[in-house]
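Notes follow once the structure below has been shown.
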Amino acid sequence: TAHKLSVSPEMDIMEYCRKEWRGNTPVAKRMRKGYEAVAQKFASIRRIRGDNFCAFRATLFQALSQATQLPRWLQSEDFTMLPENLLSKYDWIKQWQLKQKPGKKMGEISDEIKEYLILLRKKWKNISEIKDPLEKQEACDILFKNEEEEYSLYEALKFLMLNTAIELYNADKSGRRVPVFSWLLFARDTSSNPYQLMHNHLNHIGHSGGLEQVEMFLLAYALQYTIQVYRLYKYSTDEFITLYPNDPEEDWPVVTLITEDDRHYNIPVRMCQETML
C-alpha cells in the first residue's frame, strides 16, 4: 500500500513546495522562501512517513544511504554486550518498553535488544559495502519497506540513546566536562536522571510522541553523526539551519533533514552539482 511507504519516492523540491504551500499567508511565503534556500543545495525531497518515529527514520535513512564504512562505535567488540552490561548495573532498565512486545519485562528481553543491535550492525555493514550509489539506494529502500526490521532498528537507536545519556550523566556527576545539551536534558522536571529519561521520554518515543529538540542532540551523540536540519519556519533567523550538536566533532559525518515545525522530518536528496564542487 502506497501510504505505508516509509520513505516516499523523490520529488522535485520546488514542485513539492508549490503543492504544499499555495496560499499567500505569511507562513506560506516563509515556507516557500525556506524551500527555495534548500533547493539551492538539493534537487529533490523524499517524504518520511510520520508516525512519531520520523526523526529516527529520516536520520537513519540518510546515514545509511551515504554510509561508506562502519562507524567506530559499531565496530567495538563489546557493542552487542550493552544490554547485559547496563542491566547488571541498573536494575531499573527492566522497565524498558519494547514496541513490538508491550508488557514484556526487560529482564526477559535483553536478548532481544542484543538482536536489534546485531541487526543494526549487520545492515550498516552490508549497506556501507555497496559501492554503486543506485544499488545502495535500492538496498536502503528495501530495508525501509520491512516494517519489522525498521522498528527493531529504532529500538536499537533508543537503547543507544539511553546508554549515551547514562554516560553523560555519570561524566557530569564525576566532574568531567559534558556538552551543554546534556545539562538541558537533565534540567527537565521529567528527566532529571537517566531513569526518568527512559520512563517519561524514551519509552514513549514512537507511541505518543516524537523526539524533542534536546533529544535530537542525544541521537546525534549516540550515532556520532552531525544532524543538520533546515527548520523552514525559522527561515531568515539564525536558527534556520540548526546543527545537532552545534559544536560537532570534525570527523563526524553529516546528515541533512528538513522540518516545517520541529515535529515531522523529511529528507532532501540529490545535492546539486555546483554545491558538490
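Cβ atoms are placed via backbone N, Cα and C, with glycine included.
Per TrEMBL, the feature active site maps to Asp51 (among others). Long-range C-beta contacts of Asp51 (active site), restricted to its own chain and to partners at least six residues apart, with a cutoff below 8 Å, comprise Gly206.
If you look up TrEMBL, you'll see Cys54 marked as active site, nucleophile.
According to TrEMBL, the feature site 'Linear diubiquitin binding' maps to Glu239.
Non-local neighbourhood of His264 (active site): Ile48, Gly50, Cys54, Gly210, each in the same chain, at least six residues away, with C-beta under 8 Å from its C-beta. Under the heading active site, TrEMBL lists His264 (among others).
Looking at Cys54, Glu239, the recorded positions in this record, the fewest other C-beta atoms within 10 angstroms of the C-beta turn up around Glu239.
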